[in-house]
Amino acid sequence: MTADLKVDQHYDLIIIGTGSGNSIPGPEFDDLSIAIVEKGTFGGTCLNVGCIPTKMFVHAADTALATRQAGRLGLSAQTYHVDWPGVVSRVFDQRIDLIAEGGEAYRRGPETPNIDVYDQHASFVGERTIRTGEHVISGDRVIIAAGSRPMIPEAITESGVHFHTNEDIMRLPQQPQSIIIVGGGFIAMEFAHVFDALGTKVHIISRSALMRLIDADLGSRINDLAVKRYDVRVGRTVADAVQSHDGITVTLDDGGSITADVLLVATGRIPNGDQMDLDRGGIEMTDDGRVSVDEYGRSTSAEGVWALGDVSSPFMLKHVANAEMRAVRHNLLHPDDLQKMPHEHIPSAVFTNPQIATVGLTEREARTAGHNITVKIQKYGDVAYGWAMEDTTGIVKLIADKDTGKLLGAHYLGPQASTLIQQMITVMAFDLDVREVATKQYWIHPALPEVTENALLGLEF
Ligand SMILES: Cc1cc2nc3c(=O)[nH]c(=O)nc-3n(C[C@H](O)[C@H](O)[C@H](O)COP(=O)(O)OP(=O)(O)OC[C@H]3O[C@@H](n4cnc5c(N)ncnc54)[C@H](O)[C@@H]3O)c2cc1C
Ligand SMILES: NC(=O)c1ccc[n+]([C@@H]2O[C@H](COP(=O)([O-])OP(=O)(O)OC[C@H]3O[C@@H](n4cnc5c(N)ncnc54)[C@H](O)[C@@H]3O)[C@@H](O)[C@H]2O)c1
């Protein structure tokens with residue numbers, strides 16, 4: 001396949017993508033020649049346009065919203081001014097961009113002399129052979145860690161209007177007065193909170209209910225809360241869009257229309273394998289567009305090729321990409337002692353307001369799986385710290401197996417959900433019996449985890 005190709009350089013290892021892929025080469029790899037190929041900004045999605053900058057915006061938004069809601073605590077407070085360019089500069093100029101630049105300089109510099117960096121798009125031209133810009137390089141082993149990109153509905157691309165995604169919305173030069181967000185999942189919910197809390201009028205258009213895959217008891221509350229803050233159009237999609245003096249006017253599939261300053265598209269993400277001529281490398285894809293790997297991260301069709309993270313994983317989350325990276329790194333170093341990709345009890349959190357966090361099965365999934373279940377929904381407002389916060393909407397929902405005492409699912413909607421859930425992640429990871437978890441440890445009084453304690457005590461066996 002590669003016989004008639006002139007290969008400029010051969011490496012022991014090629015890594016495509018510097019998100020989680022960049023964490024593979026540690027000291028154990030110092031005696032290997034390594035090529036890292038990154039066509040975009042060093043550090044990938046999470047660092048540059050994903051998890052980290054969004055949460056830096058969310059923290060500012062949480063502060064602004066807490067100020068807006070301070071009246072319920074008997075305080076009179078107000079956010080007088082949002083210095084949007086200042087927020088953007090704090091996030092990017094003072095933090096993110098420095099980290100990305102430092103990461104690239106480190107890989108290009110004298111500390112990692114065994115590593116060459118290529119900065120052009122990589123595509124396969126043969127078995128474990130890649131073209132990147134003018135170079136053709138080959139490797140004994142290749143790791144595809146090329147991530148994913150935003151999926152844009154055809155009606156929007158065809159309309160020709162200027163739209164934003166997570167890749168540029170956080171670098172807008174000025175805060176918009178109004179924004180249309182298309183999508184009702186993780187990204188839409190986080191940005192809707194950010195913009196609304198900072199004073200932008202938010203319109204959401206979502207084909208499905210907001211957070212469609214969440215447990216139904218949380219889902220109904222999330223959707224009820226959202227309509228109080230945003231103009232929400234669920235069950236709708238975009239039929240057309242036009243640019244005008246006033247901004248962008250989107251026509252919905254029911255004939256309605258919305259005009260706003262800017263348009264943000266957050267309708268899901270596509271793994272990037274489809275842009276890499278994988279077939280020329282003999283690399284199979286799954287029906288839903290991911291690089292096909294076995295439970296150890298090896299390509300199911302191409303010897304010596306591995307994949308990890310969004311490009312191959314069923315879970316598009318950074319902690320999963322990192323965990324898969326650790327498994328693949330171990331497997332490269334210990335071919336006789338392979339570790340499985342850790343895909344059990346994967347938690348996630350959405351940093352909207354109120355926060356959402358979930359691990360394990362929803363009630364419906366637990367019932368469908370045939371478990372004999374016990375369920376408890378505990379309100380934040382029924383524990384002391386919930387009173388302190390005057391919380392009226394937060395809940396914890398726990399689902400356990402009545403026969404075994406094991407936790408099947410934990411779902412939080414409310415302040416600090418992403419932190420509170422960590423105890424339930426531990427319970428599932430270590431397969432603890434919830435009856436003991438409730439009673440055989442101290443719970444600090446009157447701290448917020450008492451909401452979890454009460455939920456556990458409320459499970460009936
Ligand atoms: C707005 C947003 C917020 C998010 N927030 C969270 C969160 O709070 N928590 C969480 O767990 N997850 C979050 N995620 C998901 C998380 O960012 C991803 O799951 C994670 O970054 C995937 O890592 P990766 O290494 O697989 O891919 P990436 O980090 O995307 O890295 C892939 C790299 O490969 C490069 N590349 C792609 N194709 C090629 C090619 N052909 N040649 C050369 N280089 C190539 C890309 O430029 C990119 O730098 C968020 C995602 C988004 C978009
Ligand atoms: N905090 C986090 O962990 C975090 C944050 C952001 C993103 N992520 C990851 O990134 C992934 C992608 O996020 P996302 O929000 O883009 O996708 P998503 O899959 O979470 O949600 C997509 C939403 O877009 C809607 N939609 C799809 N096509 C549409 C159309 N044509 N018109 C109107 N609505 C449409 C869907 O109904 C759904 O509500 C997430 O699934 C998650 O894995 C994680």
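Backbone N, Cα and C atoms are what each Cβ position is placed from, and that goes for glycine too.
Fair warning: this is a prediction, and the values are worked out from it, not measured in the lab.
Note: H445 (active site, proton acceptor) has non-local neighbours A384, i.e. same-chain residues 6+ apart with C-beta under 8 A of its own C-beta. According to TrEMBL, the feature active site, proton acceptor maps to H445.
Residues or ranges marked as FAD binding site in TrEMBL: K55, D310, M316, L317, K318, H319. For L317 (FAD binding site), the Cβ neighbour count at a 10 Å cut-off comes to 18, with all displayed protein chains included. In the three-state DSSP scheme, L317 (FAD binding site) is classed as coil.
In the three-state DSSP reading, M189 (NAD(+) binding site) counts as helix. With a 10 A radius on its CB, M189 (NAD(+) binding site) counts 26 other CB atoms from all the protein chains. The NAD(+) binding site feature in TrEMBL is assigned to G183, G184, G185, F186, I187, A188, M189, E190, G268.
In the three-state DSSP classification, C46 (disulfide bond) falls within a helix. Within the same chain, residues at least six positions away from C46 (disulfide bond) with a Cβ under 8 Å of its Cβ are G19, I52, K318, A321. According to TrEMBL, the feature disulfide bond maps to C46-C51.
Regional average pLDDT for the domain 'FAD/NAD(P)-binding' (12-323) in the model is 98. Residues annotated as domain 'FAD/NAD(P)-binding' in TrEMBL: 12-323.
Helix, strand and coil residue tallies for the domain 'Pyridine nucleotide-disulphide oxidoreductase dimerisation' (346-455), in that order: 39 helix, 31 strand, 40 coil [DSSP]. What TrEMBL lists as domain 'Pyridine nucleotide-disulphide oxidoreductase dimerisation' is 346-455.
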Extra residues within 8 Å (Cβ to Cβ centroid of G183, G184, G185, F186, I187, A188, M189, E190, G268), NAD(+): I181, F191, M211, A266, T267
In sequence order, the binding-site residues (G183, M189, G268) whose C-alpha falls within 10 A of C51 (disulfide bond): none
Cβ neighbour count (within 10 Å, all chains shown) around M316 (FAD binding site): 20
Recorded positions close to ligand 1 - of G183, G185, G268, H445, only those whose C-beta is under 6 Å away: none
Residues that sit under 8 angstroms from G185 (NAD(+) binding site) by C-beta distance, when 6+ apart in the chain: L210, M211, R212, A266, T267, G268
Neighbourhood of ligand 2 - recorded positions from C46, K55, M189, K318, H445 with Cβ under 6 Å: none
